[in-house]
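Visitor: Okay, here's the structure, questions in a sec.
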Amino acid sequence: MNIICKLFFILCTILVLLKPMLAYDYCEYLHYSLFFYKYNRAGKLPDNDVPWRGDSTLNDGGGVLSAGYFDAGDHVKFGFPLSSTLTMLSWGFIQYQPNIEKCNSTKLYQDTIRYGTDWLIAAHQSDNKIAGQVGDPNADHAYWGPPETMTMDRPTYYLDTTKPGTELAMEAAAALAAASIVFKTSDPTYSATCLEHARQLHSFGDNYRGTYSDNIPNVSQFYKSWSGFDDEIVWGSIWLFKATGDSKYLEKAEKDYNDFQIVKLAKQNSHDWDLKSPGAALLLSQLSTSNNNSVYIQDVEEYLNWWLPGGGVPYTPGGLAWIRQWGPCRYSATTAFLMSIYGKNDDKYIEFTKKQIAYILGDNPKQQSFVVGMGPNAPINAHHRAAHHSTTNNIMVPVNNTYLLKGALVGGPSQDDSWKDDRTDYIRNEVALDYNSGFVGAIAYLAGTV
């Protein structure tokens, strides 16, 4: 009996030690992290996959811009973070397509990208004109209810040669160029359409330079371009090169990277909807064949190493790399995605990816998941109007969200690891298109490790 007890104890110990590796079905997380985007679809919905969502915003842009995605827990269609989201999603697909196929998520993944790129193509109404935003964010944020019952006016804000927006044009070019790679085999005609729009937008953004948030002033409170447009110019050129193989785009990217001193923007910062410098350095370290290659390697490693423990970025006591209070999980998840691309086997970069995503999924001292409806103590009350489904414009009623945003990444904890499932705390409980975009890529990587 003693021997049996000892063997049982050893077995239990082994299972406890193995638990972090066995706890996560990354294919399930991949499915639902992509499914999040279905919750945020606008327009006439093509299916009933989310029964509690219905048709909405059918008159946006005179009906031409009715579809697309709502940005976060609100109902504005912000073109800049949308484009950044689509670029990152496509990058994840390109990087980890075999893992995505293994998870039987290829169709869902491509549909997710296409629902956004279709809107971008519709928004690009001529060579030098693009709709940068639909909806007045101040009026929108005064309304707390589902999009299906929304009746407010929804103005469309355009960028053109007299009101340029280089950040948005170049990021849209990057998004469509990246998508052209995603669809090159499965739908060559659509791929070619994406690429043609990408070329035109790249030309528009480069030839008519201006800060987009200066020409759509009411976006400044929400998605102001803090980093300027230099990083997007380089970023857009890199993705046009990846999509076309035309060396003129790579030569331009390398020249602008040097002239604009892009590395200074990347130091001690994050890759996000506004700042593309870290990703630009990473891609150039892979693509460049010039003598500058060692410079790009040094730049991207300086960025990544700053995020490692002891490198400079603050960490919570429980182990989350915590760069800033508003949505820290998205920054950690996006950097985890970049680390997975640059890392090899089980080096320090891959270790970062595994540990940061594990923390987000609930492997932390408080056993707190930050993915809605998944993992231990999972959030249920994300700051999201459609999911809460108030019929009285009251954020407090009902007490709990009516519907579950399963797979959505919430903002995340304070620097001391504390967090509360509080819908009114949008800093820690908002969900957004860009939040899930890097997270999807990191999960797609991890799906190939088990």
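Backbone N, Cα and C define each Cβ position, glycine as well.
Take a look at what TrEMBL says about it:
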{"type": "SIGNAL", "residues": "1-23", "note": "signal peptide"}
{"type": "DOMAIN", "residues": "26-442", "note": "domain 'Glycoside hydrolase family 9'"}
{"type": "ACT_SITE", "residues": "H383", "note": "active site"}
{"type": "ACT_SITE", "residues": "D421", "note": "active site"}
{"type": "ACT_SITE", "residues": "E430", "note": "active site"}
Visitor: If you average pLDDT over the domain 'Glycoside hydrolase family 9' (26-442), what do you get?
Guide: 97
Visitor: When you measure from the Cβ of E430 (active site), how many other Cβ atoms are you left with inside 10 Å?
Guide: 23
Visitor: For D421 (active site), which residues in the same chain are close in space, meaning a Cβ under 8 Å from its Cβ, but six or more apart along the sequence?
Guide: P379, I380, N381, N429
Visitor: If you skip the near sequence neighbours and keep only those at least six away, which residues in the chain come within under 8 angstroms of H383 (active site), Cβ to Cβ?
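Guide: Those within reach of H383 (active site), by Cβ under 8 Å and sequence separation of 6 or more, are A72, G73, R423, T424, D425, Y426, N429, E430, V431.
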